[in-house]
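K.L.:
Relevant sequence annotations retrieved from TrEMBL are reproduced here:
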- 25-46: transmembrane segment (TRANSMEM)
- 77-107: transmembrane segment (TRANSMEM)
- 113-130: transmembrane segment (TRANSMEM)
- 137-156: transmembrane segment (TRANSMEM)
- 137-230: domain 'HTTM' (DOMAIN)
- 194-211: transmembrane segment (TRANSMEM)
- 218-239: transmembrane segment (TRANSMEM)
- 245-264: transmembrane segment (TRANSMEM)
- 324-343: transmembrane segment (TRANSMEM)
- 349-371: transmembrane segment (TRANSMEM)
């Protein structure tokens, strides 16, 4: 009995790792940092931390005269800051330290540097500069710069305009059969040009949409569909760039400032409700003891602005449930390793593509509602 009471006290405390509310950071930003730290650990970032080797800045060369010191200090700083962040201790400070450590490790060793790691390091650092009362505009700007930088990098290169780069990469480097088949149906380089030009146009459009608060939700959908299409075609995630971008989209989530009142039909889903209540570690979701009024309603989600039911209500619930994003993250990592281990890389990639598109299709009504609302606002002036 005492042990059960102790567990309950811990899971309801602000220091519980699965809790993201009631801290100095916005819940969605803290969730991004926690999942980002776990992802770096799972992908072996700690093992890549070493003494400076061919650094970008000469100041790091001084540490080469005192072996292991730089490695031990940065490893311990990264691990300590990450663990304290998981337990909601000084979350802004820990996020700053995580970002600073990742960036220093990358700048001190050119062989370790990867764009997706640098992006994640900046996420941590800028998240630490944010607070719980204001929109994280520094993170918005960073996200826009990712796509502006991609366009600036491609636009001056003739190989991107001619389609030569895309053709060489997909045809010879990747030996992508989907690309080779489609390209064979069209005139030379037409499909490669289409992919190259559309990539630059979409990336520029995304950057513009991100910098306008009223169009950020459209930008989120554009990013999800664009990168998922790329992954479906290329079956390549560029390290964990895809995961970084998807995690980064959490910064655009308007976390509810008021409570979500959840009512579940206990006659049909009594066991499910007990499980959901037990796994509710955050304070913004409240489960009602009253079941939905109509027999046709098995789920009701009520906020001060809206009331949604059934599948629409489930989408709203999942959108604001930190457990849902943790589950998605775990499912993706599980398929990455378990399915590959049991079968092969191709089946693993196929499984991930199917799961990703299934998730997007489930939430696509949110995009339809968003576009309808935008159209209505334009019509009404």
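The backbone N, Cα and C atoms fix where each Cβ goes, and this holds for glycine too.
Remember, TrEMBL labels are computer predictions, not curated facts.
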K.L.:
May I ask for the residues of the chain that lie six or more residues beyond the transmembrane segment (349-371) and have a Cβ under 8 Å from a Cβ within it?
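P.N.:
Hits for the transmembrane segment (349-371): 217-218, 221, 224-225, 228, 231-232, 235, 312, 315, 319, 328, 331-332, 335-336, 339.
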K.L.:
Relative to the transmembrane segment (77-107), which of 25-46, 245-264, 324-343 accounts for the most Cβ pairs at distances under 8 Å?
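P.N.:
Between the stretches 25-46, 245-264, 324-343, 25-46 has the largest tally.
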K.L.:
With a Cβ cut-off under 8 Å, give me the same-chain residues at least six positions beyond the ends of the transmembrane segment (25-46) that come close to it.
P.N.:
17, 75, 78-79, 82, 85-86, 88, 91-92, 95, 98, 102, 117, 120, 123-124, 127, 130-132, 136, 139, 240, 243-244, 247-248, 250-251, 253, 255, 282, 284, 322, 325-326, 329, 333
K.L.:
May I ask for the residues of the chain that lie six or more residues beyond the transmembrane segment (245-264) and have a Cβ under 8 Å from a Cβ within it?
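P.N.:
Contacts with the transmembrane segment (245-264): 26-29, 31-32, 35-36, 39, 119, 123, 136, 139-140, 143, 146, 216-217, 219-220, 223-224, 227, 272-273, 276, 284-288, 290-292, 298-304, 316-317, 319-320, 325, 329.
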